[in-house]
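Remarks on the structure that follows.
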Amino acid sequence: MSKSPLITLSNNVKMPALGLGVLRTAPQETARAVETAIGAGYRLIDTAAGYLNERDVGAGIRASGIDRAEMFITTKLWIGHYGYDATLRSFDASLKRLGLDYLDLYLLHWPLPGEFDDTAESYRAVEKLLAEGRVRAIGVANFMPHHLENLRARTEVVPAVNQIEMNPFFIQWEAWKANTEHGIVTQSWAPLGGTYMRRPGAVPTPAKSPLEHLVVVSIADKHGKTPAQVVIRWHIQRGLSAVAKSTHPERIKQNFEVFDFTLTEDELARIDGLDTGRRAGNDPDAVTSTSFKVDVDSQ
């Protein structure tokens, strides 16, 4: 069975480079997807309180029969629970739903720039959890360089991970560079891509996803791999961590079969060249604590 390479975080905790994401995975499908992924070799599972499926992630881990110590489990603080005391309560609730007694990585889900006092208080609470050994590493998600600078000015521990939207159609070069300069691992959500948005001067293409782009398809054909495998391999070779979502057993397995081939420097550069500079997800500067209608407390 293949194994994901490990990335050493700034506090020397080792994290698998490739994981399974469960964003928008229905609860009834989540446990099965997690169990399938673990059977295929995945050891990193990424969820969030706001995904409403932490309980099912825990069920899938238990059903797999794997030793907890072999797993790397990430979840995220819901934006409606920011603030020091609320963060501590939310962390406990996530652990209970997951059926775990510690986390490997805990992330603040969005920066909430218009409510950053609460963001900073939440991060201070997460620093406390780290100091107590209840979580092995802490970080953020969707933080742009100016958000990171604001956080660093108010807190002590530099985030170990920043999970951002990242794929060949939207390579966040500045955020990636800022993360690297601060010793922060860049982790990609939606690593396989989203809607293509034309920019001035972009080469016209009918592709709505990197998986449909002729560059990726031709590279995949050359290596006898799927377009998804090529894109995931691009993330790995570029030193990124990626959490790829799927609920289909065969695709889950295929997405992990990326450690038996290598992209050339020319192929990597051609994939780099697909960047449109346009995001498909939410703008981190526009998200507020009430942006999403999710009832986390009803779980």
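Glycine is no exception: its Cβ is also placed from the backbone N, Cα and C atoms.
Feature annotations, reproduced from TrEMBL:
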type     : residues : note
DOMAIN   : 23-275   : domain 'NADP-dependent oxidoreductase'
ACT_SITE : Tyr51    : active site, proton donor
SITE     : Lys76    : site 'Lowers pKa of active site Tyr'
BINDING  : His109   : substrate binding site
REGION   : 274-299  : region 'Disordered'
For the domain 'NADP-dependent oxidoreductase' (23-275), the mean pLDDT of the predicted model: 95
Around the Cβ of the residue listed as 'active site, proton donor', the count of other Cβ atoms that are within 10 Å: 23
List of residues, in chain order, with Cβ under 8 A from that of Lys76 (site 'Lowers pKa of active site Tyr') and at least 6 apart: Thr47, Ala48, Ala49, Gly50, Tyr106, Leu107, Leu108, His109, Ala141
Mapped DSSP class for the residue listed as 'active site, proton donor', helix or strand or coil: helix
For Lys76 (site 'Lowers pKa of active site Tyr'), the three-state class that DSSP assigns: strand
Number of other Cβ atoms within 10 Å of the Cβ of His109 (substrate binding site) across all protein chains: 24
Three-class DSSP secondary structure - His109 (substrate binding site): coil
